[in-house]
């Protein structure tokens, strides 16, 4: 194989060394008569597949960041150790994608320089390990966190047009090394096969926009109003969750609803707490070490008031935003205590925001009493009942009779032959399609979806017409004045045609130039 013009011996040698792990000059390679064999081509194909496999995992890893705080909480409940596992995920993924990318670039450059693709056995082993690690990650995701596949499908509504452009660009650049290989190989059958595969892939990419749908492909005047914000346990990125400070920070972010979770103490005082145990968000292990593993409802209100509900936030830093808190906010966070429902209702009434809550644990033997006690606190608080959004399904009919002004929110989709019309639904964002959201909006049914933290997801739901979203990142979504992108269909059609035409011309030029 002769070096093509412009490929110096030094450059070829520098490419061979990291790829083949041998310091040998290109001229010596030529004297040895080494050539790229079918075996080497198979390893190049495997390298290309591993690169695509790892690239797909990188995409999925970025998408699941929206829900990764749930994973951190799950690991804490299992191991009692707090760590932001998203950093581990991103670092590991970056290492894998960087390694496979560098090898692929080296291989393509070697092909352009007419050098043999002799992949070293160390790289072969590492590539196999990379493929196994990524496969294990996908398997674990499918078994333990299957709903994230729905998140990935939703993400295509936000990224589909841009992924198409990137794929067309990448495959277009691949025309140079492909043309170089085709002109050098002596096998007519291999030439025909590669050309057919490449042409089929490019035609599929050129026509891909026919299958790309996104609610954000619309005219500006068709854009629905911005969804209202519901503070998930307040503003947990700015203050300890389910505290009065968190409620106030949520108010500062212009949220319309404070979403929280209610437990009832052993002496009948409803209080704000999400977990059934107190270990994650209080210092119960230091104050009551022998009772730390008990259910939150096993503590009386006097005991609960002794617990620190804020210092954990500063020590564990559940979100990166904790590092940027002002000294005043840090001091206030350290003073937080577990608030009672009565205190939260008073704060919500003064701030003129609604409060939506779940009553936990649903399987408790005294749950009916929990409902009655909670309802009694609400009625005595003086808060306008229309500001109370009731989520618990248990004993809902009793609540309707005792407090007819309370707004009832259902954690399910509407069904046929409803006895009473469903006016509010609260569902995971993965459970409703854009078409269903539009239909509910036309039928004047308020749809709240949770938990929405990333701007790309908020943009898709905004374009779909959702009424509100529950979020940890109210300070981020508050600043969004419009979706990340919004394209009229005619503009998108124009971009599609131009990209395809430019790509086609570059491919023709590459094959002519390489010949």
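Just so you know, glycine gets a Cβ as well, placed from its N, Cα and C.
Through the fold, the transmembrane segment (41-65) approaches residues 71, 86, 89-90, 93-94, 96-97, 100-101, 103-104, 107, 117, 119, 124, 127, 130-131, 134-135, 137-138, 141, 145, 148, 151-152, 155, 159, 454 of its own chain, all at least 6 residues removed from its boundaries and within a Cβ separation under 8 Å. Positions annotated as transmembrane segment by TrEMBL: 41-65 (among others).
Among the features that TrEMBL reports, transmembrane segment is placed at 85-113 (among others). Same-chain neighbours of the transmembrane segment (85-113): 3-4, 7, 11-12, 15-16, 18-19, 26, 44, 47-48, 50-51, 54-55, 57-58, 61, 65, 68, 71-72, 75, 119, 123, 126-127, 130, 133-134, 174, 176-177, 180-181, counting only residues six or more beyond its ends whose CB sits under 8 Å from a CB of the stretch.
What TrEMBL lists as transmembrane segment is 125-143 (among others).
TrEMBL lists 163-183 (among others) with the feature transmembrane segment. Residues 4, 108, 111-112, 114, 156, 191, 194-195, 198, 201-202, 205-206, 208-209, 212, 495-496, 499-500, 503, 506-507, 510-511, 513-515 of the same chain, all 6+ positions outside the transmembrane segment (163-183), place their C-beta atoms under 8 angstroms from a C-beta of that stretch.
Per TrEMBL, transmembrane segment is recorded for 190-212 (among others).
Taken from TrEMBL, the feature domain 'GP-PDE' covers 227-481.
The transmembrane segment feature in TrEMBL is assigned to 493-514 (among others).
Listed by sequence, the residues of this chain that lie at least six past the ends of the transmembrane segment (125-143) yet keep a Cβ under 8 A from its Cβ atoms are 46-47, 49-50, 53-54, 57, 60, 64, 92, 96, 99-100, 103, 149.
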